[in-house]
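Take a look at the structure set out below.
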Amino acid sequence: MGRRNNTNVPDFILTGLSDSEEVQMALFILFLLIYLITMLGNVGMILIIRLDLQLHTPMYFFLTHLSFIDLSYSTVITPKTLANLLTSNYISFMGCFAQMFFFVFLGAAECFLLSSMAYDRYVAICSPLRYPVIMSKRLCCALVTGPYVISFINSFVNVVWMSRLHFCDSNVVRHFFCDTSPILALSCMDTYDIEIMIHILAGSTLMVSLITISASYVSILSTILKINSTSGKQKALSTCASHLLGVTIFYGTMIFTYLKPRKSYSLGRDQVASVFYTIVIPMLNPLIYSLRNKEVKNALIRVMQRRQDSR
């Protein structure tokens, strides 16, 4: 962001999702409700895992960090979106790039964390007897720290390159938050090199994590098919079902939105996809990982019982 003097734009105007006051009020109520559910679900998931000793396992260690990322991810976007729906659509130059940095950082971190979770499921199903030895505390910490470090570097490089853009006198961002595609579309200079760099960073993040997840699930499926008992197969499948559903939803919207050239950016279509993965998915993840999970339900019951007994 050292070359801010290259632009005459002190701030940006976010066009939002609608010009209609009635629609804006309806969206405000809807997004506020979703955000409150997101906060409650993710904070609740973190607290249950922290308070119940039986959930102090690698699987739930990763799930704690997924909830933290989803909570942070939603907080980077939703509060500003809510404010824009009621008041001014302005966001400062620095505020815009700060939002972009944390958005890219947390999005990439979730990609790599989902890979770590897939590897955890692979070890649990393919090498159950060696699981406690392989998934040591040291390895678990590395599988969580790695995504944060790599994603920080990824996002930092992304924002440094984006800060080199010239915006001339145009400052209307045709989106409801500061994402890379609409900011690139706003620039009055040749963005080819920056687009290539962003596609390399985004593409490598998605491909590395997807290859890791795919390889893990191919091995998992191969192992499940070798299980003779029907109950054993169902138990193994149920262990992975929630994670696989979360991966499918998250990666589906990310690939649809980002792995395409700037010229194919569509305001309405891309905004719907963006609402889904920035506001809706952080709300869905706690539901996906808890509703079908008996361990989480039982842990919640135990925590509530202990609280009642302590009174």
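Residue positions begin at 1 at the first shown residue.
A Cβ is built for glycine as well, from the same backbone N, Cα and C atoms used for every other residue.
Owing to the predicted nature of the structure, the values given are computational and were not obtained by experimental measurement.
In sequence order, ASP11, PHE12, VAL173, CYS178, ILE183 are the residues near CYS96 (disulfide bond), counting only same-chain partners six or more apart with C-beta under 8 A. Under the heading disulfide bond, Swiss-Prot lists CYS96-CYS188.
Summarising the annotation, Swiss-Prot assigns N-linked glycosylation site to ASN5.
For 1-25 (among others), the entry in Swiss-Prot reads topological domain 'Extracellular', with the evidence type sequence analysis.
As annotated by Swiss-Prot, topological domain 'Cytoplasmic' applies to 47-54 (among others). Secondary structure counts, DSSP: the topological domain 'Cytoplasmic' (47-54) has 7 helix, 0 strand, 1 coil.
Sequence-remote contacts of a segment are chain residues at least 6 beyond its ends whose Cβ falls under 8 Å from one of its Cβ atoms, and for the topological domain 'Extracellular' (76-98) they are 1, 4, 7, 9-17, 24-25, 27-28, 31-32, 34-35, 38, 106, 159, 162-163, 173, 176-178, 183, 278-279. Swiss-Prot lists 76-98 (among others) with the feature topological domain 'Extracellular', giving sequence analysis as the kind of evidence.
The annotation topological domain 'Cytoplasmic' is assigned in Swiss-Prot to 120-138 (among others). Across the residues of the topological domain 'Cytoplasmic' (120-138), the predicted structure has a mean pLDDT of 93.
The topological domain 'Extracellular' annotation in Swiss-Prot covers 160-196 (among others).
Taken through DSSP, the topological domain 'Cytoplasmic' (217-236) splits into 16 helix, 0 strand, 4 coil. Residues or ranges marked as topological domain 'Cytoplasmic' by Swiss-Prot on the basis of sequence analysis: 217-236 (among others).
Per Swiss-Prot, the feature topological domain 'Extracellular' maps to 258-270 (among others); the stated evidence is sequence analysis.
Among the features that Swiss-Prot reports, topological domain 'Cytoplasmic' is placed at 292-311 (among others). Sequence-distant contacts of the topological domain 'Cytoplasmic' (292-311) (same chain, six or more residues past either end, CB-CB distance under 8 Å): 45, 47-49, 51-52, 54-55, 238, 241-242.
Residues or ranges marked as transmembrane segment by Swiss-Prot: 26-46 (among others).
Taken from Swiss-Prot, the feature transmembrane segment applies to 55-75 (among others).
Residues annotated as transmembrane segment in Swiss-Prot, with sequence analysis given as evidence: 99-119 (among others). Panel annotation: around the transmembrane segment (99-119), residues 59, 62-63, 65-66, 69-70, 72-73, 76-77, 80, 91, 143-144, 146-148, 150-152, 154-156, 158-159, 162, 177-180, 183, 205-206, 208-209, 212-213, 216-217, 243, 246-247, 250-251, 254, 278 of the same chain, lying at least six beyond its termini, place a Cβ under 8 Å from a Cβ of the stretch.
Swiss-Prot lists 139-159 (among others) with the feature transmembrane segment, giving sequence analysis as the kind of evidence.
Annotated transmembrane segment per Swiss-Prot: 197-216 (among others), in sequence order, evidence recorded as sequence analysis.
Swiss-Prot lists 237-257 (among others) with the feature transmembrane segment, giving sequence analysis as the kind of evidence. Taking Cβ pairs closer than 8 Å, the transmembrane segment (237-257) reaches residues 107, 110-111, 114, 117-118, 121, 124-125, 181, 206, 210, 213, 217, 220, 224, 270, 273-274, 276-277, 281, 284-285, 288-289, 292-293 in its own chain, all 6 or more past its ends.
The stretches the transmembrane segment (26-46) and the transmembrane segment (139-159) do not meet in space: the count of Cβ pairs below 8 angstroms, excluding pairs fewer than 6 apart in sequence, stays at fewer than three. Counted with DSSP, the topological domain 'Extracellular' (76-98) comes out as 17 helix, 3 strand, 3 coil.
Where the transmembrane segment (271-291) meets the stretches 55-75, 139-159, 197-216, the count of C-beta pairs under 8 angstroms peaks at 55-75.
Long-range contacts of the topological domain 'Cytoplasmic' (217-236) within its own chain (CB-CB distance under 8 A, at least 6 residues past either end) are made by residues 118, 121-122, 125-126, 244. Listed in sequence order, the residues of the same chain lying 6 or more apart from CYS188 (disulfide bond) and placing their CB within less than 8 Å of its CB are HIS166, PHE167, CYS168, SER170.
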